[in-house]
């Protein structure tokens with residue numbers, strides 16, 4: 001599933017081609033996504049894009065009278081293409097732009113979403129979200145407070161959007177490895193120093209992934225059709241049985257809450 005770096009990479013890729021440009025119309029080839037494509041999107045006609053933002057794993061396209069909310073789901077990607085390029089099997093939504101380009105949404109598993117809202121504050125998918133991990137609000141004081149009485153393992157807690165948004169399976173595993181913290185540790189067992197280190201490495205790992213265009217394991221593509229190259233830098237994720245890059249101990253691969261988890265039993269305590 002695309003996580004924060006992949007969504008931010010998509011945002012940065014499409015923004016220069018959309019802001020200040022008019023959406024001539026939308027083409028919805030298959031509206032049966034995770035939720036049905038909102039009727040307002042079918043009716044788009046001659047509306048300018050004012051901004052392209054991101055909240056958590058949602059892309060937000062600001063229009064004069066509302067917002068398009070896009071979620072990439074499990075396998076979605078957005079590309080900027082010539083409007084003359086024919087659509088393929090899994091190309092479900094196009095925004096046809098006045099600059100001769102289209103924003104094309106591709107999603108083999110159709111678990112993404114194209115939604116509409118008049119105001120962001122009113123939409124349920126954006127309610128009750130925690131802070132952005134790259135913001136000043138996400139700091140050691142905040143994490144220590146939220147972990148203090150939490151009797152659950154730290155990895156699923158990091159992946160809870162009520163704690164912090166956008167830290168999915170890949171980046172939770174990678175950040176815990178970089179911080180030297182075992183994914184099974186109770187959140188309440190983390191010391192102040194460990195909270196400081198974990199916040200620091202989460203920010204560093206996410207920023208590094210954004211620099212590399214995100215992580216492509218299967219479906220994700222950047223807006224120019226290139227894969228994300230952070231996959232080449234993964235320390236533990238997807239490396240079950242391979243030697244730890246630090247100590248050489250075989251990387252462990254297990255399941256936590258039905259999600260794959262990877263760690264080094266020697267480096268993470």
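Glycine is no exception: its Cβ is also placed from the backbone N, Cα and C atoms.
Copied from Swiss-Prot, the annotated features are:
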type	residues	note
ACT_SITE	2	active site, schiff-base intermediate with DNA
ACT_SITE	3	active site, proton donor
ACT_SITE	57	active site, proton donor
BINDING	90, 109, 150	DNA binding site
ZN_FING	235-269	zinc finger
ACT_SITE	259	active site, proton donor
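What Swiss-Prot annotates, mapped onto the structure for a quick look.
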| residue | record | Cβ contacts under 8 Å, 6 or more apart |
| --- | --- | --- |
| 2 | active site, schiff-base intermediate with DNA | 10, 57, 72, 73, 76, 77, 214, 220 |
| 3 | active site, proton donor | 57, 166, 167, 168, 169, 170, 171, 214, 215 |
| 90 | DNA binding site | 106, 107, 108 |
| 109 | DNA binding site | 73, 74, 75 |
| 150 | DNA binding site | 157, 186, 187, 188 |
| 259 | active site, proton donor | 156, 159, 169 |
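Of all Cβ atoms in the shown protein chains, 22 besides its own fall within 10 Å of the Cβ of residue 57 (active site, proton donor). Residues 90, 109, 150 are the ones the record ties to DNA, and the longest Cα gap between any two of them is 42 Å.
Summed and averaged per residue, pLDDT over the zinc finger (235-269) gives 95.
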